[in-house]
Amino acid sequence: MSTYFVTAIDTDAGKTVVTGLLGRYLKQSGQDVITMKLSQTGCENLSDDIAVHRQLMGMELMEDDINGLTCPYLFRFPASPHLAAAMENVHISEDELVKAIECIQGKYANVLVEGVGGLMVPINEELLVADFIQKHNFPVIVVTSGRLGSINHTLLTLEVLKARNIPVYGIIYNHYPITEVQITADSAKLLRRYLQSYYPHALWGEVPMVHNYSAEELQLELPGWFE
């Protein structure tokens, strides 16, 4: 059984699409896999991100999606989880998150847990995303991109992981949004060099710029991943 935590350098870096694509990749490789998300804000009744995961994986929504097991906390206001929860007089319980993950782990061989925002986002008043990952020793997949400013955000993310001794399984370089070719190429080159120096065992993968979630262009090349 393997569980991976998918985080990103910031909000809207592509965690949801990448998590769904990784689930699709594992599924097409013949592996038993499911995705889940700790919490989502800005929605009601059903997690929009879980719906995207299932679309990308070529699956219908499951009972565990509909009953909230794959996304234990949903809030209407689009904000950091701790604030959105407080506005509804709800406390996000670490124990409840762990129980949901353990329940899912009991059903599937591979679990991809999508985080919220970046590493330093507060889940509740006492718990950051990085705290949660560290306490439960999840290997991390970091989603980044070539957009301007991403080098700084990516290296800061990796430095936090290194300082906390959190294992980095790999980095996914997302080619969305469209950026100047020179910036995209240089950012990828620099980040790969950094990985070779400080995380020689971490894997590298890329997501092409896509326009249709069901298109063949979504096929990923991830040599060495999930072996």
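Each residue, glycine too, has its Cβ placed from N, Cα and C.
All annotation found in TrEMBL is predicted automatically rather than curated by experts.
TrEMBL names Asp49, Glu114 as Mg(2+) ligands; from the candidate set Thr7, Thr11, Thr16, Thr154, the record adds Thr16 to that same site. In this structure, the binding-site residues Asp12, Asp49, Glu114 were compared by how many other Cβ atoms lie within 10 Å of their Cβ, and the smallest count belongs to Asp12. Put simply, Glu114 is the one of the recorded positions Lys37, Thr41, Glu114 whose Cα lies nearest to the Cα of Met209 (ATP binding site). In the three-state DSSP assignment, the secondary structure recorded for Gly117 (ATP binding site) is coil. Taking Cβ-Cβ distances under 8 Å and a sequence gap of 6 or more within the same chain, the neighbours of His175 (ATP binding site) are Ser145, Gly146, Thr184, Glu206, Val207, Pro208, Met209.
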